[in-house]
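Quick look at what Swiss-Prot lists:
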- 19: active site (ACT_SITE)
- 18, 22: Zn(2+) binding site (BINDING)
- 184-269: domain 'PDZ' (DOMAIN)
- 5-25: transmembrane segment (TRANSMEM)
- 174-194: transmembrane segment (TRANSMEM)
- 317-337: transmembrane segment (TRANSMEM)
- 351-371: transmembrane segment (TRANSMEM)
- 396-416: transmembrane segment (TRANSMEM)
């Protein structure tokens, strides 16, 4: 149960912060945001605030921000349509009744002759009992369509995605991944405040019970200064030697309470994979890195850790694309849930660390220039900036549709790999 709650909380935060970035920059640019959704599929919960419908949906596979103009409008008025009009106190059309006009007895029913809801915001037509006097009505920029008793706000061109400059559109698309990096930095800052920041020297933190380190007599705050004939000055040097010597006795010199002591330990053997995904055996002795409280160091740690994690993920992604790493090592929702279950059992700090890493992963993946991802859409905005004119919407739509289908296929393959690896 704890894992389920942790997974839902983690998923909700990662997706919400990503989509919130898109939402905020869309609204700052003056775009009409029709919906802010967490999840896909049927709605579980919804409410409307400041023009936007906020929804939580059943399938936890992402989220989206639906901006006016990105997709064809569902409701389209054409000459010959019979519609009902309701007006505000200024005499402007405030509601356009598309059907079920009998439920709106005070609506003025007309037959549409001409309509422009993009630029001029007018509706022209004739009353049903008078086909000689052509009437013209000004439409309020926030007027509502009413169809099947559901209200949908009209979207004048100046509120649509395509009406904004390439810079504003690019920023709206980039804002989602950007917020994932901001979240990661914030989490690392929180970790720095809670547990301190890692010290550069090979200083031991917590000693795990029933491990070679405990059996050899290591204590927290011991500082490793030498292994064999090699001087040790950093944590990376210490862990590298331990990893490379599973089952081999290592003679170490430590500093404890200002005095040097000799101590020997035999690293245990643990299964792992190398940088290309091949199984290897590494050495472990069961110690955590030492930490210290440092206000300035906390901020540096947050940024450095985000940068290091970003670099690592990009390198792994490059190896995947070039075939150096098998697609079988990819994890989908099932694999991420299983990993979350293992992380939750190791403590809150590790759960925060795992959340930060996934947030960076989400940000990077969305910036990859693939169809249906933020990076793919940024690619089209960039091409428009270079060409001086946009790609035909029909061509871009096909590109994203095919890409989305391929991504869904990849998700199915990855999920099946997870199921085989974990359950079969």
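Just so it is clear, glycine is given a Cβ too, placed from its N, Cα and C backbone atoms.
Positions of Swiss-Prot features highlighted on the structure.
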| residue | record | Cβ neighbours (10 Å) |
| --- | --- | --- |
| 18 | Zn(2+) binding site | 27 |
| 19 | active site | 20 |
| 22 | Zn(2+) binding site | 26 |
Dominant neighbour of the transmembrane segment (351-371) in 5-25, 174-194, 396-416, by Cβ pairs under 8 Å:
174-194
Taking only the residues in the domain 'PDZ' (184-269), give me the average pLDDT of this model.
93
DSSP-derived structure type at residue 18 (Zn(2+) binding site), helix or strand or else coil:
helix
Helix, strand and coil counts within the domain 'PDZ' (184-269) (DSSP):
26 helix, 30 strand, 30 coil
